[in-house]
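As recorded in TrEMBL, the features of this protein are as follows:
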TRANSMEM  B:16-37  transmembrane segment
TRANSMEM  B:44-60  transmembrane segment
TRANSMEM  B:66-85  transmembrane segment
TRANSMEM  B:97-115  transmembrane segment
TRANSMEM  B:143-162  transmembrane segment
TRANSMEM  B:183-210  transmembrane segment
TRANSMEM  B:216-235  transmembrane segment
TRANSMEM  B:242-260  transmembrane segment
TRANSMEM  B:280-297  transmembrane segment
Amino acid sequence: MKRLMTMAATASLLALPLHAEPVKIGFVTTLTTGAAVIGTDMQNAVNLAMEHLGGKAGDTELEVIFGDDQFAPEAGKQVTDKLVKQDDVDFVAGYIWSHVLLASRKSVLDADKILISANAGPSQMAGKLCDKNFFSTSWQNDQTPMAMGEVLNRQGVKSLYLMAPNYAAGKDMTAGVERTFTGEIVGKDLTKWGADAQLDFSAELAKAKASGADGLFVFYPGAAGGAFVKQYQQAGLKETLPLYSVFTVDAISLPKLQSAGFTDVIGSKVTQEWDPSLDNAANKKFVTDFKAKFGHYPSYYGAQSYDAIMLIASAVEKVGGDMSDKDALRAALKEADFESVRGDFTFGNNNLPVQNFYLREVVEDADGVWTTKVVETVYENHVDSFAAECDMK
Amino acid sequence: MDFSLLVIQGLNGLQLGLLLFLVASGLTLVFGILDFVNLAHGSLYMLGAFFCATLTYLFGNFILALIVAVPITGVIGFLVERFVARPLYARDHLDHVLGTFGLILVIDTLTHLIWGPEGLSVPLPDWLRGQITLWGDTVVPTFRLMIIGAGLAAAAGLFWMVNRTRLGMLIRAGASNRTMVSALGIDIELLFGLVFALGAAMAGLAGMLIAPITEATIGMGNGIIITAFVVIIVGGIGSIKGAFIAALLIGLIDTLGRSFLDDIFALFMSPVAAENSAPAISAMLIYIIMALVLAFRPQGLFPPKVR
């Protein structure tokens, strides 16, 4: 009898499928330097996603290992190598910064692991460098400023001055607005970026004002956004040089602008693929639980990170936790069969989302907290401009 | 390139230069007199900003917070000298670098633990938020003028102290010949502590003045400390006058480079090439100046008279 029991136990152990081992997700973001404020938001959203999933995708345990890129490409590549080689993760997700993602992509793709961007969308990786193992839950960098260019045309803005940081995404962002804006670009400044980024924009603001442009387009993500808006108000440019921004005025910068009383930002318009006010069940649950847990609104960085984990979970569940069949795994990811907080979307040929872009306005909510709400839909099911350069079908 | 823009960019350059001087003056004093390489000087700049931000929310008044936060930063500097710098004086410069680099990591992490990763904004009183019209449509933000005023006042105070007071005389004597000063019965350890505290207070003041423009963030000092080292190398290590002139020079070159380099480049290359190369070159400009000074006048433009 005892022997029978042992045999039965052995048999049941053998019968256990291979996926008893947890599926590991490496998540690379910025957890130190001033940009850690973004990374923390993403980390919170990932932890909330794991909580909503109960730590599982179907029957498979999920495990997340965070890595800090220190806001620098070389450190980002190093921590990616560590996740791929030492921790042997199945997915590497995250990446705020385009230059960090560009530096790290080979480490993941050469090891035949799945790479998922939760923010950065460099033009190269949407086009010529597209890869069957690379997916995105954000956008291609040019898309959001293209939507802004469209808005400027509709509002009858004739001339524009551009300011952005001097790195991969800064160049994509200015290229994006230049692609759709039909008026004249009267000047452009690219400022120093990185851990010792330029945060005092006095010289550039003086130039922008002297240029006599109808409007000022800027892209300053993270802490730089708050700094920029303050100097914009201190320079008293609201009347003469209206501000049109992307990834600058957001749930990261608004709480600090509110605490310091920079009221000029109310009513300011930005474009985005997501907003806390979007009306779908997944988004309501995400925003409500995030606010209850962390005491403030999530940002789009958080929303995209939440989606990245949900996308991974949906695919892992579809393949029953079997990470060995990459073709099945990729097919499962490509279906994007999960409740995205931005509403349903599909993946294009280059594995970037085909999705809507909205115009948002900064408002005060019912509790007196500054946030954004959707004003109108600028693009419906927008495909990025580099998809055609990608040779995947 | 019109006159009004030139004046405004000149003022912007002056403001940047004065902030650089506030950081560089402490660095050059500590390096010149104590022969101590303090990489963590930027951390004191950051602490100044965080103290001032916290006190501004506590008192509801930026100016009052500034007045209280400056001596607090000085005290922190005094403690850093006593417990971190002093045990390292006898060692060589590499150990100073290692020790103070460790201190940067400790202070950054402590700041992260106390204030969180998101940084702090500093609200300004209404009278500092607006702009002042110089003439016609030449307008400058009031607070930037206040930075220039405060920077000039601090620089004047430092010159007066170093050149006209007994403490200043001892500091100058210490810079020339440390052994002789202590042989004359001067408490050299206390003097060093005071010099360190003075440098910390100046750096802290710079951090407090920049915080309302940007914000108090972790690691904010690590960027400016590199530029401050450029300033003291160009100016001559240990020289307050050198630091002052070099800081204004670097501030003006950096600002004017950022403002006009693309226009100048556009005169002899295609607009696209000018647009792409100007940001790269203007970011390098101050290092090019430093390389030139090191090549042709390695002791700096205004080295202290007696070494």
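Start at 1 and count along the chain as shown; that gives each residue its number.
Placement of Cβ uses the backbone N, Cα and C atoms for every residue, glycine included.
Note that this is a predicted model, so its numbers are computed, not measured.
For the transmembrane segment (B:183-210), the most Cβ-contacting stretch among B:66-85, B:97-115, B:216-235, B:242-260, B:280-297 is B:66-85 (pairs under 8 Å). Within the same chain, residues 1, 5, 9-10, 12-21, 24-25, 27-28, 155, 227, 230-232, 234-236, 281-282, 285-286, 289, 300-304 sit at least 6 positions outside the transmembrane segment (B:242-260) and bring their C-beta atoms closer than 8 Å to a C-beta of that stretch. Within its own chain, the transmembrane segment (B:66-85) is flanked in space by residues 26, 34, 36, 38, 40, 44, 47-48, 51-52, 55, 59, 96, 99-100, 103, 192-194, 196-201, 203-205, 207-208, which lie at least six positions past its ends and keep a Cβ under 8 Å from the stretch. Count of Cβ pairs under 8 Å against the transmembrane segment (B:216-235): among B:44-60, B:97-115, B:280-297, the largest is for B:44-60.
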